[in-house]
Amino acid sequence: MDSLFKSHYPIFILLALFPILSSSVATDSSKHSQGNFTSLSDAVPQLSNLTYLLPTTHKKAPTLGGQNFTHCCLLAVNASLEVIGGYLRKTETDYIGATVEEFLQRSEDGQFPCTATWDGDIRGAPKVSVPAGWLESTCPGWQMSDSKKGHESQWITPFVGFLLPSVVFVLTIPRRRKLAVWKKLFVPDFSQLISWIVAPFAMILAGIFVCCDTLIWLATCFAFASPMILSGIYEAYLDQKVISFLTEKTANLRLTLDMRARLLFVVLVGNLDLDPEQIRGDEELVILSHGKHSDDNERWPNFRPNAPRNPSSPWTHIENLVSPLRSYRDAALGSPRQWPLHDVKCTIPNCTDLYCKEVPLRRNFFVRKEIGRTKTRIRTMLATQLSFGSSVGSPVVFFLGAFSFTLVTTLASLGDEDTSLDLAFGMWYMIIPHISIVSGLLLAGNNPNTLEGVMALEFGDVEEKESFETKHWLNSIFELAYESRYRPKWLWERGRSKQDWIDRVISTYEVRAPSGRRGSMVPDEDMAALRVATTLGFTGWTIVLALTLLLMGVPFVLAFVVSFFTPQVGVSCRSFTILIYAIAQLCQVILWMWAYAGPPSKGKYFTFFRKGGFLDQKGFFTPTNIKTLWTQKTFRSLPTLWALIWFNLAMLFGLGGVMSTIGGTMMQLMGVYTSSKCSINASWWTRPHEHIIVTISKNSELEIRDAKKYWIPCAITAILFLGLVSFCGWWYQRRLRGLFRNLVSELGSPRTDREDIRAVVVPSRNGSLGG
């Protein structure tokens with residue numbers, strides 16, 4: 001027995017002490033349970049040392065960002081509870097949406113309403129709701145984001161996760177001008193001591209200029225996002241139509257070699273100014289050297305029209321490049337014949353004798369050499385463009401990574417209001433990747449120097465950049481984005497510019513000599529077909545507008561839904577900001593259609609509104625034409641009125657877009673939206689709203705439910721949609737590039753020539769037909 005006691009001595013000691021320990025624990029627990037509270041801070045330790053006024057550590061005034069809404073929540077809890085006879089009871093001003101027992105239990109479980117975070121329990125923390133009047137009088141002003149106080153999620157995720165990737169995207173979006181950086185900031189000579197002293201300051205100042213330029217371009221992209229996307233989709237649609245037209249006509253053996261090359265060049269350079277200001281010294285470029293083809297023939301004489309041409313226009317230069325590829329003996333500047341003439345010496349009316357039909361030019365060694373050069377030029381211009389993957393794909397992956405990270409954060413912190421708002425702003429910023437995707441799938445090169453490199457042998461001495469445009473103080477502040485004699489259009493003008501290039505081809509070659517018989521000029525069926533193919537009707541515009549509204553609408557709807565269902569549920573500061581932006585962009589779509597879509601085609605009804613009608617004659621459909629503003633005679637006219645209305649509305653909606661995006665982003669990053677005013681819905685801003693109930697606690701059951709129902713599905717939808725749009729853009733561009741390369745490879749191939757031209761093709765040195 002004695003040995004048994006010794007072997008189990010520790011167990012007997014614990015059994016002896018157990019009643020004492022249990023009594024001690026029970027006594028300590030009873031001190032912190034109902035009936036044993038001595039004060040409110042004893043019942044709720046978070047209320048210890050609570051004062052009505054903000055602590056003295058808050059040096060800023062509430063109106064300058066010095067408010068603390070966690071302190072406001074503590075005040076609401078303090079005003080809702082009291083201790084009577086050792087029991088915690090609710091006061092008449094009860095702001096807590098739970099019983100005292102539930103409040104104590106949830107607080108003990110780590111879900112104190114003012115500081116609660118997601119712990120896996122869908123019940124969340126007890127909700128603390130106060131009247132808006134109480135909140136505005138007790139806690140006026142707004143709360144500035146401060147990483148020292150744990151507010152990193154208010155600004156770090158939107159800034160690093162979405163705003164900075166947007167900056168990467170805007171750098172790939174083509175533009176016409178940029179903020180000029182003073183050349184003297186780049187000190188070229190380091191042989192003197194003063195250069196080493198000045199260089200660091202010059203580097204800093206140059207960096208500031210570049211940062212300002214990037215911010216200006218980012219604001220511009222946000223301001224005119226919908227016109228950019230609409231114009232880009234319009235240009236992509238025209239590219240597809242032109243390539244389909246070329247594919248069909250090449251298969252049908254309808255087009256000449258020079259016309260096919262001409263249309264391929266138009267696809268690549270249709271984003272350049274069609275009729276720029278004339279550069280002195282370019283007059284010699286309109287004189288074509290036809291070499292072996294310059295001889296005339298008395299039976300089929302050359303036509304020499306006197307139509308003036310702009311020697312500095314890229315259209316003139318393209319005509320010069322394709323002139324050696326023409327099929328008929330024609331010295332007409334800028335309009336080589338596409339069909340043969342009839343013998344002018346023939347006296348038989350309506351003669352159809354093949355002997356009287358013009359013989360095409362022989363495709364000799366020199367012509368085949370020019371064909372090879374042209375194919376190389378076109379291939380090079382296409383190949384020098386950045387690939388879709390490098391210019392758009394990589395930033396998209398970065399952007400999707402930020403989305404995925406925020407989604408994972410949302411899953412780990414359901415009910416966190418800041419996380420939901422991060423998602424909303426990320427969905428909103430999807431508009432910038434969409435602009436980049438649309439601009440990246442276009443075939444026309446962003447850099448006009450590609451065409452200048454192709455035309456290098458045609459120019460004389462190397463020009464200085466200053467000779468490319470007239471001197472003006474605005475030009476010295478915002479210089480051309482590319483040092484080239486050619487100027488690309490702004491992205492919101494590129495679609496209309498491509499249409500103008502196509503219209504120039506049609507108007508130049510819309511009539512031709514009758515094929516195979518004698519007679520007057522007749523309409524060219526191929527040009528008529530090109531006009532039909534590239535003129536958008538109701539169906540075409542419906543497709544273009546639908547794609548535009550899809551790329552603009554999905555980010556808006558997702559961002560709006562998330563911000564709308566972030567308590568306080570309803571349209572408040574953040575959702576109202578997104579709504580303003582959407583309205584501004586929709587109005588800009590209407591303005592773009594007014595200025596660039598052109599008048600509706602002729603019809604029976606509403607003739608005054610259609611092509612050739614009253615409004616068309618009075619310049620209603622060309623409100624961007626400001627020539628009437630600069631002369632006294634035409635200033636007081638309807639075209640001037642249209643221009644003033646259009647530009648004022650464009651400026652108004654543009655500023656609305658900038659203020660809502662950049663201004664709204666800055667207010668979110670700074671914490672301005674964390675205010676009593678933004679805690680109520682917009683419908684109550686101008687009405688008495690003292691009685692409106694506002695939730696000021698964290699991790700409430702409503703926030704958790706909305707996170708599962710709206711926040712997470714919207715985030716997944718945003719990730720999938722952006723990935724799908726990127727993939728579709730990549731596939732579409734690869735497809736168009738493949739079709740384009742096939743058309744280039746077929747230039748000069750005998751199997752794509754008309755029968756009359758194929759008969760005179762001279763065999764090459766290896767015995768095959770030229771091509």
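Here the Cβ of each residue, glycine as well, is placed from N, Cα and C on the backbone.
Per TrEMBL, signal peptide is recorded for 1-26. As annotated by TrEMBL, transmembrane segment applies to 155-173, 193-210, 216-237, 382-405, 425-445, 541-566, 578-597, 641-662, 710-732.
Here the transmembrane segment (382-405) does not lie next to the transmembrane segment (193-210) in space: the count of CB pairs under 8 Å, restricted to residues six or more apart, is fewer than 3. Below 8 angstroms of C-beta separation, residues 218-219, 222-225, 428, 577-578, 580-581, 583-585, 587-588, 591, 594-595, 618-620, 622-626, 628-629 of the same chain, each at least six residues beyond the ends of the transmembrane segment (641-662), sit close to that stretch. Of the candidate ranges 193-210, 541-566, 578-597, 541-566 has the most C-beta pairs within less than 8 angstroms of the transmembrane segment (710-732).
Sequence-distant contacts of the transmembrane segment (193-210), counting only residues of its own chain at least 6 positions beyond either end whose CB sits under 8 Å from a CB of the stretch, comprise 179-182, 184-187.
Contact counts against the transmembrane segment (425-445), taken as Cβ pairs under 8 Å, peak for 216-237 among the stretches 216-237, 541-566, 578-597. Note on the transmembrane segment (578-597): residues 224-227, 230-231, 424, 428, 492-493, 495-496, 536, 541, 545, 548-549, 552-553, 556, 559-560, 563, 571, 621-624, 646, 649-650, 653-654, 656-657, 660-661, 664 of its chain, located 6 or more positions outside it, place their CB under 8 angstroms from a CB of the stretch.
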